[in-house]
Amino acid sequence: MADNKKRDDLHIDMGEKRGDYSPMRSPMAAPRTPGPTAAQMPAAINNNPILPVLSYCASSIMMTVTNKFVLSGTGYNLNFFLLCVQSVVCVIAIQMCKSFGIIQYRDFNVDEARKWFPVSLSLIIMIYTSTKALQYLSIPVYTIFKNLTIILIAYGEVLWFGGSVTGMSLFSFGLMVLSSVIAAWADIQHALQSYGGQLSDEASAKISTLNAGYMWMLFNCLCSAAYVLGMRKRIKLTNFKDFDTMFYNNVLSIPILLVASIFVENWSGENVERNFPAERRNSIIGAMIFSGLSSVFISYTSAWCVRVTSSTTYSMVGALNKLPIAVSGLVFFDAPVTIPSVSAIAVGFVSGIVYALAKVKQQAQAKMGQGLPTTNPTTMSASMQSARDSFKS
């Protein structure tokens, strides 16, 4: 699975689906699965940092836009089925890549699957809540509110892992909260102005929809934080790398999502027609398949970007990538373009940059206190990992 799957220095995509990116967000601090090798493409292209950076940004945007396209259909309610299709497509794609020698990951092992199952289950919950939030909220608002996950993870790290929060990080957290407040206020004001004010039934219905989106977004932030913090301990039991994580997350998710879709969702002929209207059926199915492939692209280009550049550059690219993702919602969908909404995007963008700089500074100070990097390599904190995933989602 990609909100996320399926994580920026937090990928949860809805695919990281994915992250989502999570919503498939890689739990490793620095992806060690190699990107394209010199044997597979000319060295000048393989080692040029511009191409992997642009590829990573493009795959993140494609994932978000395609998910929003599917979920923006009138009355779409087969979210578990959407996630199941994405997982199946992802498994098929990475298995084909493995067969051609493009990537490598370990074969399925029952004992490892048992250890990893709680992580996959938490990822399913995280990605499902992200699809519900994205269904009710615009892409800019969804992207802005996703920043709040970073705050939860940072303080969860302080409580359970002895982490610390610097003054610069606190400042970035304040900007994140401010951008979310501005975004919510802009959304509500636009709804009131567009649908006849507070006394209008249409305005009341629109605000109720927004409130539902905010609640799902709150659940998603809490689930995302729990997923990342829980994975920090669980990863030690398996020592998974990027594509190991992707493979097990998707394989373990398929039966759960399929059963949930069959028994929870409405598969009557009328509801299927509502979710897949004849005039949009082919495009919706195509978008569902493409979003599954996007989760593979995100993980692959992430590893490539870190290998060719650095973890620091990668985290900064993730922060900068929030702006085009938010703008894509203005371009491809009917997200309101107003001074408050644009201001919210700008403040959210700046908050991501400030947070990335704060983590870079904090890591540099930690290295100075640890001695030679060759003898005491630093690892990426859970809060930094969360930043990586959220940048992608």
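Using N, Cα and C of the backbone, Cβ positions are placed for all residues, glycine too.
Those TrEMBL annotations? Automatic predictions, nothing curated.
TrEMBL annotations:
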- 1-38: region 'Disordered' (REGION)
- 1-20: compositional bias 'Basic and acidic residues' (COMPBIAS)
- 50-70: transmembrane segment (TRANSMEM)
- 76-95: transmembrane segment (TRANSMEM)
- 116-138: transmembrane segment (TRANSMEM)
- 144-163: transmembrane segment (TRANSMEM)
- 170-192: transmembrane segment (TRANSMEM)
- 212-230: transmembrane segment (TRANSMEM)
- 246-264: transmembrane segment (TRANSMEM)
- 284-306: transmembrane segment (TRANSMEM)
- 313-333: transmembrane segment (TRANSMEM)
- 339-358: transmembrane segment (TRANSMEM)
- 368-393: region 'Disordered' (REGION)
- 372-393: compositional bias 'Polar residues' (COMPBIAS)
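Counting Cβ pairs under 8 Å that are 6 or more residues apart, the transmembrane segment (212-230) and the transmembrane segment (76-95) reach fewer than 3 and are not in contact. Of the recorded ranges 76-95, 170-192, 246-264, 339-358, the transmembrane segment (284-306) has the largest number of C-beta contacts under 8 angstroms with 76-95. Counting Cβ pairs closer than 8 Å and at least 6 residues apart in sequence, the transmembrane segment (246-264) and the transmembrane segment (76-95) reach three or more and so form a contact.
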